[in-house]
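Read the structure below first, then the notes.
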Amino acid sequence: MENRSYVGDETWNADTLPVGGLAGNQPHHHHNHHHKHHTTVDLKAPQSTTASDEKPPLREKWGRNIEFLLSCVALSVGFGNVWRFPYTAFKNGGGAFVIPYLIVLFIIGRPIYYLEMVLGQFSNRGCVKVYDLAPAMRGIGVGQTVAIFTVITYYASVLAVTLRYLVASFNPELPWAKCDPTWPDCVDSSRLGSIALGPNVTQPKTSADLYFRKTVMHAADSLDDGLGYPDWRLALCLVASWIRIVGILIKGIESSGKVSYFLAIFPYIIIAVLLVRSLTLEGARTGIKYFFEPQWDKLLTIEVWYEAVTQCFFSLTICFGGLIVYSSFNDFSNNIYRHALIITSLDTVTSLVAGCVVFGVIGHLAHVTGQSDISKVVQSGPALTFITYPDTIAKFDFLPQFFSVLFFFMLFLLGIGTLIGIVTSVITAIHDQRPDIARWKIVISVGLAGFCIGLVYITPGGLIILELLDYYGATPVTITLAVFELLTFAWIYGVNRVCKDIEFMLGIKTGLFWRFCWGIVTPITVLFILLVSLVQYKPQNVSLGYNALGWCLYAFAVLQLPCWAVYAILQKQGLVWWDRCKAVLRPMADWDPEDPTKRFEYGTFIEEYKQQSVTNRTGNLVEKVRRKLFK
């Protein structure tokens with residue numbers, strides 16, 4: 001249920017807003033701020049009481065802090081690291097991609113990760129309700145929910161393909177190791193050594209490649225003949241995947257927190273085994289060298305930096321809403337600063353280790369096929385994981401089925417961990433707006449919707465649709481809304497206000513690095529990447545109608561922002577239109593901690609800050625910006 005009790009004093013700005021819990025009568029105070037520091041607040045007692053009374057019941061919490069940490073690890077360390085990172089790095093020149101990726105993680109990924117954690121934990125709100133700090137911007141959260149649901153539908157289909165390979169790995173002989181008699185120009189993936197080709201001979205394809213395209217996906221070369229029908233085996237795998245996700249989520253955070261122990265820890269055991277095996281393969285060193293050795297000329301191309309930014313968003317799962325939701329289930333004083341540093345560092349290490357595993361395998365593949373140019377060994381793209389790795393596993397002379405089971409089981413667990421987090425984001429966004437609907441009904445509805453849409457991706461034309469929707473509906477939407485998210489948090493709400501919230505919540509002062517990144521470096525960098533990507537836009541290699549469909553999806557998600565802004569302004573009654581516009585850019589009256597005692601203490605704390613800010617409001621533009629960021 002939406003709370004429309006906005007703070008009403010028109011002389012306040014985003015820096016000096018009071019909160020709705022000031023009318024409480026708790027005797028306890030925080031940080032030795034005494035009652036005598038209170039200033040007069042233009043909120044009548046009935047209004048404050050109403051704002052407090054309308055607060056929903058206290059949010060469910062993680063069983064232990066370690067469950068939150070492991071759940072964030074399972075959310076952030078997933079397909080983005082093992083499935084998306086290797087092929088993105090391969091496409092952008094290996095080491096030429098690693099350097100900008102690490103830089104982007106430092107100035108964009110980590111600051112946004114910590115910022116979203118802070119606001120989620122402070123407000124105990126999901127990715128839509130967190131914009132109660134500036135209700136006009138609530139469309140950002142709605143648009144992010146649209147984008148994340150798009151990702152959910154095709155991540156689940158990738159999970160179904162992973163499950164299909166996992167089941168097939170238990171065969172006495174790997175089914176992709178040998179060519180089917182009906183496949184023309186095929187060479188067994190289990191074959192070692194290079195193949196001598198004549199001048200007019202067609203380049204053969206590996207059995208792993210043809211198995212993926214013809215047996216698993218029945219892939220079409222184009223959409224000229226339509227999408228086709230879903231493969232029934234993949235449909236069953238998709239059902240099994242969604243049953244697993246719904247089964248974990250239907251009991252809420254408590255059950256998903258318990259599952260996180262397995263989902264976050266066990267994949268690392270498998271990664272360690274695969275890393276050891278990859279490093280012991282002949283030729284692995286060549287592949288890993290290619291992975292870390294930069295091609296300096298590519299560092300000057302904007303495409304590599306754009307890919308680094310998008311990979312950062314996918315790898316850490318930032319600006320999708322899932323992190324805000326997970327943090328909203330935290331205890332108010334949980335040390336998320338430490339958690340943010342641990343998780344972002346672990347995510348980076350995991351991406352690099354996964355890159356070593358995959359590039360070690362590619363180096364081995366180059367060795368056994370006699371190919372000296374690593375970049376020509378395999379094709380890049382989402383299919384890299386389902387073609388290159390199976391092809392190389394088929395060449396193992398020791399228990400190839402065992403290593404195949406390990407790899408695809410790891411990939412399946414990582415996919416489940418990521419999907420649980422991002423599906424929770426969608427469920428919470430709906431439940432926060434409609435708390436009258438039972439949570440289990442929302443979980444089942446989201447599961448059914450995700451399954452039905454996911455059937456599209458397991459049709460013969462599904463891979464083309466997957467790349468189309470990722471190109472229009474996930475990556476550009478996320479970056480566009482990320483610009484407005486940073487604008488809202490850093491400038492409308494204010495970096496200084498965020499830092500005061502951190503001081504109240506965690507008892508620590510925020511350093512200049514975080515302030516500078518939140519206010520200047522991160523938003524400018526993301527905005528620059530967005531503008532360059534729009535200027536250098538190239539349509540996908542599909543018909544005009546499908547490209548138009550992609551733009552419609554992008555517009556539907558991004559236009560949520562102005563639509564919800566207009567709605568918020570119209571709902572604000574009793575003021576002229578300009579005052580309405582200013583009012584809906586301020587926090588709502590109940591923007592404060594959910595705990596009544598903390599709410600009263602925060603009111604005392606922020607009132608003193610408001611009083612100090614009012615007395616120091618004079619100065620030129622540079623001075624005002626300085627106060628906004630660094631005071």
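Every residue, even glycine, has its Cβ placed from backbone N, Cα and C.
Note that TrEMBL annotation is computational and uncurated.
Note that this is a predicted model, so its numbers are computed, not measured.
The Na(+) binding site annotation in TrEMBL covers V77, N81, S315, L414.
Summarising the annotation, TrEMBL assigns compositional bias 'Basic residues' to 27-38.
The disulfide bond annotation in TrEMBL covers C179-C186. Proximity of C186 (disulfide bond) to non-local residues of its own chain (separation of 6 or more, Cβ distance below 8 Å) is seen for C179, D180, P204, K205, T206, S207, L210, given in sequence order.
Residues or ranges marked as region 'Disordered' by TrEMBL: 18-57.
Residues 155, 158, 256-258, 260-261, 263-265, 267, 271, 311, 314-317, 322-323, 326-327, 329-331, 334, 339, 342-344, 346-347, 350-351, 354, 382, 385, 410-411, 414-415, 417-418, 420-422 of the same chain lie 6 or more positions beyond the ends of the transmembrane segment (65-83) yet place their CB under 8 Å from a CB of it. Look at TrEMBL and you will find 65-83 (among others) tagged as transmembrane segment.
Annotation comment: TrEMBL describes 95-115 (among others) as transmembrane segment.
The feature transmembrane segment is assigned by TrEMBL to 146-167 (among others). If you look at the transmembrane segment (146-167), the same-chain residues 6 or more away from its ends with a CB under 8 A from one of its CBs are 79, 83, 216-217, 233-235, 237-238, 240-242, 245, 320-322, 382, 386, 390, 404-405, 408-409, 411-412, 415-416, 418-419, 422-423, 425-426, 450-451, 453-454, 456-458, 462, 466, 469-470, 473-474, 477-478, 481, 553, 556-557, 560.
For the transmembrane segment (232-250), same-chain residues at least 6 beyond its ends with a Cβ under 8 Å from one of its own Cβ atoms are 156-157, 159-161, 163-164, 167, 216-217, 256, 259, 415-416, 419-420, 423-424, 427, 439-440, 443-444, 447, 450-451, 454-455, 458. The feature transmembrane segment is assigned by TrEMBL to 232-250 (among others).
Taking Cβ pairs closer than 8 Å, the transmembrane segment (262-284) reaches residues 70-71, 73-74, 77, 82, 350, 353-354, 356-358, 360-361, 363-368, 392, 403, 406-407, 409-410, 413-414, 416-417, 420 in its own chain, all 6 or more past its ends. The transmembrane segment annotation in TrEMBL covers 262-284 (among others).
Panel annotation: around the transmembrane segment (304-329), residues 59-62, 68, 71-72, 75-76, 78-81, 84-85, 88, 91-93, 96-97, 100-101, 103-105, 108-109, 112-113, 116-121, 123-128, 130, 141, 144-145, 147-148, 151, 253, 298, 336, 344, 347, 351, 418, 421-422, 424-426, 428-429, 475, 478-479, 481-482, 485, 525-526, 529, 532-533 of the same chain, lying at least six beyond its termini, place a Cβ under 8 Å from a Cβ of the stretch. Here TrEMBL flags 304-329 (among others) as transmembrane segment.
As annotated by TrEMBL, transmembrane segment applies to 341-366 (among others).
Per TrEMBL, transmembrane segment is recorded for 405-430 (among others).
Positions annotated as transmembrane segment by TrEMBL: 442-465 (among others). Same-chain residues lying 6+ beyond the ends of the transmembrane segment (442-465) with a Cβ under 8 Å from its Cβ atoms: 149, 152-154, 156-158, 160-161, 217-220, 222-223, 226-231, 234-235, 238-239, 242, 245-246, 249-250, 382-383, 423, 426-427, 430-431, 434, 542.
Listed as Cβ neighbours of the transmembrane segment (471-495) (distance under 8 Å, sequence separation of 6 or more from its ends, same chain) are residues 14-15, 112, 115, 119, 131, 133-134, 137, 140, 143-144, 146-147, 150-151, 309-310, 313, 318-320, 515, 518-519, 522-523, 526-527, 529-530, 533-534, 540, 547, 550-551, 553-554, 557-558, 561, 585, 587, 628-629. What TrEMBL records for 471-495 (among others) is transmembrane segment.
Per TrEMBL, the feature transmembrane segment maps to 516-536 (among others).
TrEMBL lists 548-570 (among others) with the feature transmembrane segment. Long-range contacts of the transmembrane segment (548-570) within the same chain, counting only residues at least 6 positions beyond its ends with a Cβ under 8 Å from a Cβ of the stretch, are 135-140, 142-144, 146-147, 150, 468-469, 471-473, 476-477, 480-481, 484, 540, 577, 580-581, 584.
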Contacting positions for the transmembrane segment (516-536) when only residues 6+ beyond its ends and CB under 8 Å are counted: 104, 107-108, 111-112, 115, 302-303, 305-306, 309, 476, 479-480, 482-483, 486-487, 489-491, 495, 498, 628-629
C179, L414 as recorded positions, winner by CB count within 10 A: L414
Within-chain partners of the transmembrane segment (341-366) [C-beta distance under 8 Å, separation at least 6 from its ends]: 69, 72-73, 76-77, 81-82, 85-86, 89-90, 94, 98, 101-102, 105, 109-110, 113, 268, 271, 274-275, 278-279, 281-291, 315-316, 372-374, 377-378, 384-385, 388-389, 391-392, 395
For N81 (Na(+) binding site), the number of other Cβ atoms found within 10 Å of its own Cβ: 27
